[in-house]
Structure formats: structure tokens, C-alpha cells
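Chemist: The structure that follows is given in the form of C-alpha cells.
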Amino acid sequence: MLNKLLTISLISYILKLPDIYTKRRVILNKNTVGKISLMSLVLMIFSSIYGFSNAQNAYFQMGYASIIWYVLTAILFFAPSSFMFAEYGASFKDAHGGIYSWLRGSIGEKPAFIGSFIWLAAWVVWLVSSTQFFLVSVSTMISGTDKTQTWHLFGLGANETLGILEIIFLFVVTLIASRGINVISRIASICGAFTIGIAVLFVALSLIIWVMQGGQLAEPLTTTAMVKSPNSSFVSPIAVISFIVYALFAYGGMETTAGLIDSVKKPEKTFPRAVIIATIMMTVIYIITVFVCGVTANWHHLLGKSSVNLANVEYVLIENMGAVFGAKLGLSHAGALLLGKIFAQFTAFTDVFGGLGAAFVMTYSPIKSFIEGCDPRLLPRRLTKLNNVQMPANAMWFQAILVSAIILFISFGGDTAGKFYTVLTDMMNVSSSAPYLFLIGAFPFFKMKKDLDRPFIFYKSMTTTWIVSVIVWLVVAVGILFTCIEPMLEHDYSTAFWTAFGPVFFGLLAWVFYSLAEKRVL
């Protein structure tokens with residue numbers, strides 16, 4: 001889950017680009033930075049969106065059958081929405097409120113406030129899940145494999161113990177970050193380079209093994225395998241369609257890169273070409289990454305075990321690949337296993353230190369940016385107050401308490417590890433996808449505005465605008481809806497509740513805040 005964020009941190013560090021408001025918004029100094037060329041833009045889009053672990057999660061959830069969903073999502077969501085965000089970014093290039101400014105300029109302040117608050121929910125949920133995944137990385141770094149299900153404190157079960165440790169970790173991070181000490185966040189930038197290297201190494205070594213095996217795959221590539229998931233949790237039509245949210249997450253983030261369009265050389269030609277190239281490039285690489293997972297990993301033999309889950313599948317696949325590679329090199333069985341263990345530990349090492357940096361940044365950056373981006377009258381005064389180091393300490397502690405409460409409820413829910421991590425991942429995917437309902441839904445109204453400067457126009461007619469907007473909006477809505485409904489059909493109401501919790505709770509909270517502000521000052 002950290003791979004994408006680590007890559008972004010690396011790029012931001014190299015380019016000295018501050019994260020301002022949106023998920024990965026970058027601001028370029030036009031006086032010192034030249035116009036961005038086609039290939040530079042393609043690489044920026046790719047680097048800020050592609051996530052190595054997304055493909056591994058896809059293989060775990062759907063096997064080779066995930067490939068078709070990645071292709072469909074690229075065509076029906078990523079490419080068309082990218083052009084929408086580019087138009088937003090071009091027209092609101094001087095606004096520093098990110099998606100809040102886009103929505104406010106298109107559909108008004110109230111829906112903009114609610115939509116942006118739901119965007120904030122994505123990061124709160126990210127804190128819930130990422131800190132839990134962080135502990136799995138710590139365990140793997142120390143022992144070479146995920147031992148978290150053997151951890152116990154005060155007679156508590158493994159999940160309860162992890163929940164307590166997660167809360168302690170979150171409070172320590174919040175305490176340090178609220179005092180303005182975030183030097184450790186730079187570590188995330190360095191680890192981002194290692195993360196990219198691990199992704200390249202995994203693909204390269206897997207392809208070498210494939211050749212050494214004479215083209216044989218551990219997981220046979222058949223017509224059935226391309227359309228049917230080996231995972232029993234993704235067999236029903238609704239469960240399969242709900243996988244869309246995983247693909248949406250894999251392609252998410254273009255709304256932030258679109259803010260660079262005013263710095264692109266000949267944007268009317270360069271940006272569409274860059275989007276098309278990046279779409280093809282990312283889709284092909286996702287397909288290759290899913291494919292190479294099957295070179296060394298037979299799904300039922302390796303991933304069908306109860307000990308494998310969304311938190312540790314990355315390490316399971318990398319450790320297995322290392323062991324197979326060692327065997328192909330002629331190492332003894334023990335030597336091959338040791339090589340696999342070293343691969344897993346090094347990967348976990350980069351995730352641990354990258355996760356530390358990301359946790360420090362994400363504890364304050366989204367909430368501070370949200371406070372600075374919206375009208376302060378819309379929020380309780382105590383939440384908008386900055387301390388002597390310009391940190392919204394009160395808001396950060398409120399966030400920590402809220403995240404801790406969610407962690408406690410989920411950790412003490414009595415679920416198995418596999419279900420536990422699936423709930424966390426679904427929560428994050430749904431929360432990350434929900435803001436797109438606002439951005440895409442607002443686009444036709446943005447196009448109808450007559451008083452906006454439009455230096456970049458891709459959708460020439462309102463008919464095309466409405467057709468594309470409806471299709472893309474439905475893709476996102478169906479993915480979210482089916483993800484929330486599927487557990488209910490299995491009578492798993494707890495999972496359904498937590499999956500939808502982020503957007504629903506924060507949407508209602510935003511509505512309450514705005515309604516109170518209307519009575520008070522507006």
C-alpha cells in the first residue's frame with residue numbers, strides 16, 4: 001500500500017515540490033522551471049500513479065482475471081477522467097485549494113465542502129489501514145516473514161494486540177508531527193528509490209526465471225484463468241464487479257498531476273498524447289506485473305493459504321520469487337530459502353522506513369491543507385487553530401482519536417486476519433474512489449460555466465461531455481456500490497458497515513459542520 005506513496009515522495013523530494021492540498025498536488029515555480037515536454041509529462045504521470053503492490057494485490061484477489069478489469073478501468077475511467085481533470089487544472093490554475101477550488105467553481109461551496117471533506121476521509125482511512133500494514137512490514141523486516149498473528153499482549157488476540165500497537169504508534173507520530181518535527185519524512189523519499197528498484201528487480205528476475213523454465217508458468221495461463229478468479233471470495237458476479245475499486249485505486253491520482261497543465265509545452269497537443277501514452281504504458285506494465293506473479297507463484301499452492309492476506313502478499317510473492325531464483329541458480333534448498341528471506345526482508349526494510357516518513361507527512365499534511373484551503377468559518381474554531389510551529393495540533397489530535405476509535409472497533413471485531421485486512425483495504429479503496437463521484441459529476445456543470453478562462457479544452461461539445469461524464473461516473477459508482485453491497489449479500493453486515501463508513505461518516509460530518517456554519521455566519 002505504501003509503494004505508490006513512496007514513489008511520489010521520491011519525486012517530490014528530487015524536484016523540491018511541496019505537497020499542497022490534494023492527494024499528490026505539485027506546484028512548479030514558473031520562473032525557474034521550463035515547460036514540461038511530452039516524455040517528461042508521461043514519466044511524471046506514470047511515476048505518481050503506478051503502484052507496484054497494486055498488481056500483486058490484483059493477482060491475489062483475481063489472479064490473471066484481474067487483467068481485463070485493469071484494461072477496462074484504464075479505458076472507461078483513467079483516460080476520460082484525466083482529460084476532465086486537465087480542463088479543471090487549466091481553468092483553476094491560479095487557485096490553491098485543489099479539488100475544493102474545482103468543485104466550488106463548478107457546483108458551489110456546500111457540495112465542494114462536503115466533497116472535499118470526503119476526500120479528507122480517504123486519508124483518515126489511509127491512516128487506519130497503513131499503520132496496520134506498517135506493523136506487518138516491521139515483522140517481516142525482523143524475521144523475514146509475517147509473524148504478526150503470533151503477537152499477543154495482556155492475553156489479547158493477535159488482531160487486538162496489533163490494534164493497541166497501532167494506536168500507540170499513531171499517538172507517538174502525532175505527538176512528534178504536531179511539534180513540527182518531520183525530518184524523518186525525508187526518509188520516505190530515499191526509500192522511494194529502493195521501492196522502484198524492487199519493482200524492476202521483481203519483474204526482471206521473474207522474466208529470467210520464466211526463460212530458465214522454458215516458458216513454463218507456476219500458474220497456468222488458460223482461457224478460464226483469464227476470466228475466472230481462483231479466489232473463492234471473487235466468484236459471484238457482484239464480487240467480481242466490485243473489484244473495480246481495486247483498479248480505480250491503481251489508477252487514482254491523476255487529479256493532482258492535472259494541476260501541472262499550465263506548465264506543459266503546447267498543452268493542447270502534448271497533454272492528450274501524454275495521457276494516451278501513459279494509459280497504454282501503465283496498463284501494459286500492470287499486465288506484465290500480474291503475469292510475472294504467475295511465473296513463480298501457483299495461486300492455490302502459495303496464496304490459497306489462510307496465512308496469506310492483503311497485508312503480507314507482497315512479501316510472500318517476493319520471498320517465493322527469491323527462493324525459486326535461488327533454486328534455479330543451483331543453490332541448496334536452505335540457500336534458496338535464505339535468498340528469498342533476504343529479498344523479503346529488504347523489501348520490508350524499505351517499506352518500514354518509507355512508512356515512517358509517510359506516516360509523519362500524512363498525519364498533518366492532508367488535514368492542514370484542507371484547513372488552509374477552505375473557508376475557516378465552515379469549521380469549528382478550535383480545529384482551525386495553528387500552534388506556535390504552524391501545525392493544526394487540535395485537528396491532528398482529533399484525527400488521532402477518531403482513527404484510534406475506528407482501529408479499536410475493527411481490531412476487536414473478532415475477524416480472521418484475512419478478513420481483517422480485506423476490510424481495511426476495501427475501506428481505503430472506497431474512500432479513495434468516492435471523491436471522484438463529485439469531481440466527475442461536477443464536470444458538466446463546470447463546462448456550462450460561461451465566465452471561466454479555458455486555456456485547454458478537450459471535450460468540445462456538451463453532448464460528448466454528458467455522455468462521457470455519465471459513463472465514467474457510473475463506472476465509479478457501480479464499483480463502490482457493489483463493494484459495499486457484496487458483504488451484505490453474504491450477511492456480513494460488519495464488513496459492509498466499515499467499507500462504507502469513511503465517505504458516509506465524513507459526508508454527514510461535513511453536512512453538519514456546514515449547516516452549523518450557515519446558521520452562525522453565512
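Every residue gets a Cβ built from N, Cα and C, even glycine.
Below are the features listed in TrEMBL for this protein:
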TRANSMEM  33-52  transmembrane segment
TRANSMEM  58-79  transmembrane segment
TRANSMEM  112-136  transmembrane segment
TRANSMEM  156-178  transmembrane segment
TRANSMEM  190-212  transmembrane segment
TRANSMEM  232-253  transmembrane segment
TRANSMEM  274-297  transmembrane segment
TRANSMEM  342-362  transmembrane segment
TRANSMEM  395-414  transmembrane segment
TRANSMEM  420-446  transmembrane segment
TRANSMEM  466-489  transmembrane segment
TRANSMEM  495-517  transmembrane segment
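Help me understand the surroundings of these features in the structure.
Modeler: Listed as Cβ neighbours of the transmembrane segment (112-136) (distance under 8 Å, sequence separation of 6 or more from its ends, same chain) are residues 1-2, 22-23, 98-104, 106, 146, 148, 162-163, 165-166, 169-170, 311-312, 315, 351-352, 355-356, 358-359, 362-363, 366-367, 370, 373-375, 378, 399, 402-403, 406-407, 410, 421, 424-425, 427-428, 431-432, 434-435, 438-439, 442, 501-503, 505-507, 509-511, 513-514.
Among residues of the same chain six or more beyond the transmembrane segment (156-178), those with a C-beta under 8 A of the stretch's C-beta atoms are 127, 131-132, 134-135, 148-150, 359-360, 363-364, 387, 391, 393, 396-397, 399-400, 403-404, 407-408, 410-413, 415, 417, 420.
Under 8 Å from some Cβ of the transmembrane segment (232-253) lie the Cβ atoms of residues 4, 8, 23-24, 48-49, 51, 54-55, 57-58, 61-62, 65-66, 69-70, 72-74, 77-78, 282, 286, 422, 426, 428-430, 432-433, 436, 475-476, 478-480, 482-483, 485-486, 489, all in the same chain and six or more residues away from its ends.
Tertiary proximity for the transmembrane segment (274-297) is limited to same-chain residues at least six positions away from its ends with a CB under 8 Å from its CB atoms, namely 38, 41-42, 45-46, 49-50, 52, 54-56, 58-59, 63-64, 66-67, 70-71, 74-75, 78-79, 82-83, 86, 199, 202-203, 206-207, 209-210, 213, 217-219, 221, 250-251, 264, 303, 317, 320-321, 324-325.
Remote same-chain residues near the transmembrane segment (395-414) are listed as 124-125, 127-128, 131-132, 159-160, 162-164, 166-167, 170-171, 174, 177-178, 363-364, 367-368, 371, 383-384, 420, 423-424, 494, 498, 501 (criterion: CB distance under 8 Å, separation of at least six residues from the stretch ends).
Panel annotation: around the transmembrane segment (420-446), residues 1, 57, 81, 84-85, 87-88, 91, 99, 102-103, 105-107, 111, 114-116, 118-119, 121-122, 124-126, 128-129, 132-133, 159, 233, 245-246, 248-249, 252, 255, 309-311, 410-411, 413, 452, 462, 465-466, 469, 472-473, 476-477, 479-480, 483-484, 495, 498-503 of the same chain, lying at least six beyond its termini, place a Cβ under 8 Å from a Cβ of the stretch.
Panel annotation: around the transmembrane segment (466-489), residues 73, 76-77, 80-81, 84, 236, 238-239, 241-245, 247-248, 426, 429-430, 433-434, 436-437, 440-441, 443-444, 459, 495-496, 499-500 of the same chain, lying at least six beyond its termini, place a Cβ under 8 Å from a Cβ of the stretch.
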Chemist: Report, as numbers and ranges, which residues of the same chain sit near the transmembrane segment (495-517): CB under 8 Å and 6 or more residues beyond its ends.
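Modeler: Counting only partners 6 or more residues beyond its ends, the transmembrane segment (495-517) has Cβ contacts under 8 Å with 110, 113-114, 116-118, 120-122, 124-125, 377-380, 406, 409-410, 419, 422-423, 426-427, 430-431, 434, 483-488.
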Chemist: Hey, which bits of the same chain come close to the transmembrane segment (58-79), Cβ under 8 Å, at least six residues off its ends?
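Modeler: Cβ under 8 Å, 6 or more out: 219, 221, 225-231, 233-234, 240, 243-244, 246-248, 250-251, 254, 275-276, 279, 282-283, 286-287, 290-291, 293-294, 297, 299, 303, 308, 310, 313, 317, 471-472, 475-476.
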